[in-house]
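The following features are taken from Swiss-Prot:
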- 19-126: domain 'Rhodanese 1' (DOMAIN)
- 160-280: domain 'Rhodanese 2' (DOMAIN)
- Cys239: active site, cysteine persulfide intermediate (ACT_SITE)
- Arg244: substrate binding site (BINDING)
Amino acid sequence: MDYAKDVLVSTEWAAQNLQTPGVRFIEVDEDILLYETGHLPGAVKLDWQTDLWHPVERDFIEPQQVSELLGKLGIKADDTIVLYGDKSNWWASYAYWFLTYSGVSNLKIMNGGRQKWVAEGREMTTEAPTVTATTYPALQRDESLRAYRDEVRAHLESVNNGQGAMVDVRSPDEFSGKVTHMPNYPQEGVLRGGHIPGARNIPWAKATNEDGTFKSADELKALYEGEGVTADKDVIAYCRIAERSSHSWFVLRELLGYPKVRNYDGSWTEWGNGVGLPIEKTYSEE
């Protein structure tokens, strides 16, 4: 079977379209300094820490600010935006989800991301592109793509009766409650470990190949259906701060075409600190 939507481009396609009018490349990395060490010619940088988040509240910038951001990057409304980055496109997927949620269309991801481009020895530059600012039109959020804490809590009933599914895309040790964060990552202040009751643990990396590309549609379908996460269910995905769950959201909604998939961006850093929220913990030190 083919992917449900035409949302991926190959590194070869990207190399052939670096100078194509109406095609714009945006790099989004976990390591926000990586872009300066070399990037695709013509690509602009999106900093997930400063560009997408509200400077004070734990929330995103408003749609008007998204329009201003894209305008500052020289993006036009009818441009095809190709996102790519490090970590098998973690943060490129996060930006894809956020921009889709904000009402932006014509989005694609470069399959394999930065690591595949570099591994193939393709052209890189440290030169920042010259950008002519544009006026990007007004945007409207699609709230059907985002899950909030109270919605997640209400969703537990749907999970229990088999109409909904909850996907925890973190590592097995995070899921069990043995640890509250990934190895070699800072502790982000989560007071409790474990997972949301009823969640299925399907680590994000199971959807990728060693070169950072996504697995085939047939493999992805078997992966999720094998855990009872089927297209007829209302699905919510979460991780720690929503970058890994954005990757899984992209797989489920864009590559497999599941109609109802939401990303819980509060994820474990909200749920694990929430007073009175139910938690399952399967790890025991005994």
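A Cβ is built for glycine as well, from the same backbone N, Cα and C atoms used for every other residue.
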Key: For Cys239 (active site, cysteine persulfide intermediate): DSSP state (helix, strand, coil)   = coil
Note = For the domain 'Rhodanese 2' (160-280), the DSSP helix/strand/coil residue counts are 37 helix, 19 strand, 65 coil
Ask   = Could you give the mean pLDDT over the domain 'Rhodanese 2' (160-280), rounded to a whole number?
value = 95
Inquiry  = Using DSSP, what is the helix/strand/coil residue split across the domain 'Rhodanese 1' (19-126)?
reply    = 35 helix, 20 strand, 53 coil
